[in-house]
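Everything on this sheet refers to the single structure shown next.
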Amino acid sequence: KVFLSLGDLKETKYRIEGIFETLWHFVCLILMSFYIREQRMEQDKDLSSWKQWRLNTHRHLKRLKEDGMEVLSALQLWRGDIHVIEGMFGTGILSYFSFLRFLVLLNFVIFLLMFGFVMLPIIAVPYASGNSTFKVHDGKNAECSDYPSTSRQGLVVFHQYILDLLSGTGFLEKTYLFYGYYKVEAVHFPKFKYNLPLAYVLVTIAYLFLSLIWIVKRSAAGFKQNLIQDEDRFQSFCNKIFAGWDFCITDENAARLKRSSLLYELKTDLEEERIKQKIAGRTRKEKCRIYLLRLVLNLFVVTVYLFFFFLTLIVEYLPSIVITLANFITPLMFTLIIQFEDYSPAFEIRFTLMRCVFMRLASIGVLLFSLWSQIAKCEDGNCSCGYNHKLYPCWESRVGQEMYKLMIFDFIIIGAVTIFVEFPRKIIVTYCDCGLAKWLGQQEFAIPQNVLEIVYGQTICWIGTFYCPLLPAISTIKYFIVFYIKKMTLVNNCRPATRPFRASSSNFFFLGVLLIGLALACVPIIVSIAQISCSKACGPFVNYATSWEVVPKTISQLPEELRSFLMALSSEAFAISLFVITCLAMFYVIALAGAHKAVVNQLREQLAVEGRDKRFLIQKLVQAQRKTMRSLSSTTMQDRHRPLYHGAENSSSEGLFTQLPPVSASSV
């Protein structure tokens, strides 16, 4: 006969209880699912037919929306390329390419607006240019309508066409590309008349407003993510370690990319913690040394600003080349300078980007200021046309040509740097063992400089679209090509960053810098529309003193009720009321956010207290288990020392056929 000891019987009992608990758990889940289903069916029976129809419609629309989002996600531009970049170089580099994709879509939408409401009516009605009725100028102002052609006559050398293509002059000046071609007051369709000047102004306002809304929406999402990640760093570690892996991944390459991405994010978190500890451990002497060094370097940066601004004003005939060279040289200088200022990687990117943005956007402002000073100032002091007609017969087209040249030169510089600087550096570092190669080293992907390039180009696009309606199409093509150029140089020429940085804060900051560019772009457009006199020789506003004059003139032709309503909307009383209501709403949102934050902090403290209580209970449970195990081990040792055979009177109490204790009801 074989007998079981008391310890083995207790272990068997615990195993059976565990099996019963697992089975009871599954039974409860099944019963709960049936209960929830019956409750839903009962609720549907109690609902009226109208409410049932609304509920079913809402469910179908929600499912349709989810399916549509999945389809759009699958059709997203450069989706696979961006995932590869994320796996190889981390989310910081990913933020740049996502930002570039956003600008491609934005420029394409702006192009559709300009094409659909400005160019398409003229293309659809070829004789539209003959439909205009212009004011007849007297002898004094007849010269204002004179717009001499700059097209080259006779035998033209081929390189002249290349120069015209790069500068927007010659055969390109009087085409759909520039403002001066749209000398149309109205396009007459069979059943209605299309007011092109009004459409031109409204589309300009629309694309600026659309850009603002789109950027603010993306910024809000990035700000929420940044706020959540910066609130609790320990939570960020836990989310990445315990919930960062996607268990739906079945492809080996996708798994490898996901692993690399998680590894890079963890490196970023650890690097930020290391820098915070380093900053907290600085002595007073080290702080004074760093602050003094930063002051000296910032004074040098201001000197560089003043030098290039002065050079832009002095060189009148080559402003585009001077600005492009300044934009190429200054980011390299600022990147070198900031290495001595001992900032964190994220702050290095932000501060360098702000320096370069101020340089580039201010250079555009200086260029526009110099142009408008020449436009508004006449040689003899008598501007009969309202602007310098002798120097600029169609000043809007001239501004458009400058924006066009800046866009083209910027694209040429991007391509030239990639071909003649980055690839040769990669070859030298790879195949040469000289001291120069060791000093250069393999380059990293410079986030500030690359983001600055596209922010600068987008600002030019916003400014130039009013004067060069096809500029958004050129910008879309440019950014499309730039994506592949940057991807090629990233994969072939660059190595992963030695100091990783976070993508969430970068995305939000990139959009914030883009908002600065949008604000700068609005200033010259508003001044051009509202204050500067329109050209009398070209464009759709030849019959108006300013471009904005078409709006009140159109409103004056509307019915009385609608005109009164629009006048009330534009009145000072409505503006003040709207401002007060907006301030009250803002204060309410701020107070609500503060209350939510207080509740979140309270819940976080409650979770911390519950965590400590659970830890205390677990410690007590572990201690009790240890005591139980000790008692069981001592009992087992005693049973092992007992003889295996007993008398007949004890065989019934210690044999194999001893009845197991019943499973308690609490376990089930």
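We count from 1, first residue shown onward.
Yeah, the Cβs are placed from backbone N, Cα and C, and that goes for glycine too.
Source: prediction; values computed, not measured.
Residues annotated as transmembrane segment in TrEMBL: 18-36 (among others).
The transmembrane segment annotation in TrEMBL covers 102-124 (among others).
Under the heading transmembrane segment, TrEMBL lists 198-216 (among others).
The annotation transmembrane segment is assigned in TrEMBL to 291-315 (among others).
Per TrEMBL, the feature transmembrane segment maps to 321-340 (among others).
Marked as domain 'TMC' by TrEMBL: 394-504.
Tertiary proximity for the transmembrane segment (403-421) is limited to same-chain residues at least six positions away from its ends with a CB under 8 Å from its CB atoms, namely 166-168, 177-178, 320-321, 323-324, 327-328, 364, 453, 456-457, 460-461, 463-464, 467-468, 471, 474-475, 478, 481-482, 485, 488-489. TrEMBL lists 403-421 (among others) with the feature transmembrane segment.
The transmembrane segment annotation in TrEMBL covers 508-532 (among others). Residues 95-96, 99, 201, 204, 208, 211-212, 215-216, 218-219, 222-223, 225-226, 349-350, 353-354, 357, 361, 364-365, 368, 372, 375-376, 386-387, 396, 399, 451, 455-456, 458-459, 462-463, 466, 546-548 of the same chain sit 6 or more residues outside the transmembrane segment (508-532) yet have a Cβ under 8 Å from a Cβ within it.
Summarising the annotation, TrEMBL assigns transmembrane segment to 573-595 (among others).
According to TrEMBL, the region 'Disordered' annotation covers 629-668.
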Residue numbers, six or more beyond the limits of the transmembrane segment (198-216), whose CB comes under 8 Å of its CB atoms: 106, 109-110, 113-114, 117-118, 121, 182, 462, 465-466, 472, 511, 514-515, 518, 521-522, 525, 529, 540-541, 547-548, 550-551, 554
Overall pLDDT of the domain 'TMC' (394-504), taken as the mean: 83
